[in-house]
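Shown next, in structure tokens, is the structure this report addresses.
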């Protein structure tokens with residue numbers, strides 16, 4: 001029997017419409033808008049000025065503070081301005097605007113397609129190279145990777161888990177990367193193993209991608225310590241804590257990080273970016289994005305430069321369908337509706353889901369019927385119906401006791417609720433408030 | 001007969017003993033409470049709104065009795081009158097405070113602030129604000145979901161269905177500040193009610209650059225600085241493309257209202273303006 005995580009979970013319709021479409025390279029944007037806050041943590045600090053001429057891959061903003069990441073020019077051209085621009089949520093954030101004039105890369109970047117297997121760098125050098133390349137978690141959380149690779153003192157990592165689960169319905173970017181960049185991923189994993197000095201790595205892949213499992217299984221034979229683990233299809237298996245539970249049966253304690261149980265989880269896309277950064281000296285300036293939706297004429301997977309407007313992705317997939325109700329950045333479960341299609345691709349953009357009107361509209365909320373479906377669906381073992389009420393009533397101390405901070409915001413509760421109650425919306429608000437209270441306490 | 005006597009005697013003895021024990025206990029465990037707390041509480045409005053910063057009127061009364069200097073304490077509901085009464089009971093000095101009122105610093109109604117998207121999530125400003133900037137091009141303005149109205153315990157607010165904005169009923173508003181706390185966009189502010197309830201304020205909180213703000217909303221403050229220049233009292237400052245009128249310095253001359261190109265500055269409860277010829281005089285008067 002296939003393994004999965006032990007509590008909760010749901011199985012929404014998979015709808016992997018673009019699974020068979022190879023990754024296509026998207027044209028360069030005429031203007032790249034590079035957000036300074038593309039990662040969790042402090043926004044990067046610009047190191048270029050208006051009028052500067054930059055080459056592709058050149059550093060244009062450097063990490064400011066401990067949790068932050070470098071940002072590089074995704075195209076070559078002239079810096080037009082550094083100005084505010086509305087991000088996916090409609091709030092204004094600082095961004096660097098580059099007017100593209102071609103694609104002249106920095107000479108230090110190796111652009112040959114040859115696979116480079118030998119890892120010459122030491123673990124410390126690898127981590128430094130990853131930090132320099134501005135690599136962040138590409139699954140969507142965008143946590144700077146170099147921090148994750150340096151466990152806090154006293155903690156020891158003994159296993160690396162690679163997240164090839166892609167449990168979000170519709171999304172196929174990781175799936176295609178596994179099929180088309182298998183060699184690079186394997187070397188990337190070997191680099192990660194060296195950086196963490198572990199001798200065991202598991203790639204968790206859900207069983208709805210048998211071709212990827214077979215392909216990587218073949219590749220893995222040439223590498224010592226890397227094994228593939230097919231997993232039962234269950235959402236949210238791509239959550240770090242769920243994946244660790246599914247793959248090695250260890251439970252991360254409440255409020256703790258995966259390193260507590262000796263595991264580090266990295267995404268497939270991150271492994272590829274790490275290969276390119278360490279072996280080819282290429283910073284993170286492009287990523288694979290799925291553009292999909294039931295009304296989209298040609299759903300597909302695209303390799304797009306950071307800073308490309310979402311509009312060009314939609315145009316590449318046959319334009320915006322007339323019945324569009326919502327455009328979601330990310331997958332249908334955890335993604336967020338975009339307020340505009342002019343917003344640029346960022347390091348964390350894993351997909352663009354165009355939902356038809358009839359599916360996108362929320363149904364009116366009804367009373368809770370105490371069916372406890374949300375309780376059985378919650379992968380963290382929480383009681384969503386209770387947390388929602390506590391949030392609504394502002395009973396923050398009780399919400400903290402009920403472990404509201406453990407919520408991973410997967411949305412399984414809202415999805416499963418037969419009364420269409422916006423459980424997660426309220427719980428997220430409670431998380432914000434309780435988080436503030438807890439932080440003010442430690443000050 | 002004797003049974004009756006015995007019963008009565010037993011009960012009398014029992015009652016007397018219990019009375020002695022209770023009296024002794026009451027003396028031993030007596031908690032002294034300043035009688036003035038009750039007196040002060042009696043003059044407080046008993047709204048228990050928390051506007052004073054204490055959990056209810058009783059707690060505020062205790063604080064008033066305890067504090068040596070009560071000039072920093074204020075019951076916004078009762079205002080200066082109640083504070084004077086309380087101060088009289090306690091023999092302390094209450095600070096002279098001008099009555100305040102809440103104002104909504106957003107005037108972006110449906111006509112002037114076009115919608116750019118639709119929100120169909122949970123009906124709560126706090127939730128909407130945590131998800132995104134709002135359903136118009138202005139990410140600072142009112143979300144129109146009425147968290148402030150829900151927070152108001154005095155029925156002093158309602159949502160205007162035409163404009164989609166909250167309205168404050170001046171006569172009922174006690175300036176407790178509940179709406180100010182409830183608004184995630186920090187649009188509502190407590191300002192001086194002003195003489196004859198006349199006041200002037202910038203009804204906008206948009207910090208975007210002029211062009212961006214104007215594109216999102218016709219009545220946005222574009223930070224042009226005209227009001228700052230025309231103000232003879234130095235009451236107006238512009239920070240981050242947004243004008244702010246200091247109600248301590250404002251002398252209600254209304255010059256700024258006239259020069260504002262987007263009508264973002266509002267005057268409340270002023271009589272209608274006279275014809276151009278006499279305007280000069282009426283404006284000079286309060287300025288000098």
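Cβ from N, Cα, C; glycine included.
Note that TrEMBL annotation is computational and uncurated.
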Looking at the ranges B:1-26, B:27-52, which is given as region 'Hydrophobic' in TrEMBL?
B:1-26
Sorry to bug you, but what's the C-alpha spacing from residue B:173 ([4Fe-4S] cluster 3 binding site) to residue B:148 ([4Fe-4S] cluster 2 binding site), rounded to the closest Å?
12
Cβ-Cβ under 8 Å with the domain '4Fe-4S ferredoxin-type' (B:210-241): same-chain residues at least 6 beyond its ends:
107-108, 112-113, 136-138, 141, 202-204, 247-251, 253, 255-256, 259-265, 287
Tell me, which binding-site residues from B:138, B:142, B:173, B:179, B:183 are within 10 Å of residue B:49 ([4Fe-4S] cluster 1 binding site) if we use the C-alpha atoms?
none
Where residue B:75 ([4Fe-4S] cluster 1 binding site) and residue B:183 ([4Fe-4S] cluster 2 binding site) are concerned, what is their Cα separation in Å, rounded?
21
Using an 8 Å cut-off from the Cβ centroid of B:152, B:173, B:176, B:179, can you name the remaining same-chain residues around the [4Fe-4S] cluster 3 site, in sequence order?
B:102, B:148, B:151, B:153, B:154, B:156, B:157, B:168, B:174, B:175, B:177, B:178, B:180
Give me the count of other Cβ atoms within 10 A of the Cβ belonging to residue B:57 ([4Fe-4S] cluster 1 binding site).
23
Can you tell which of the binding-site residues (B:49, B:142, B:173, B:176, B:179) has the fewest other C-beta atoms within 10 angstroms of its C-beta?
B:49
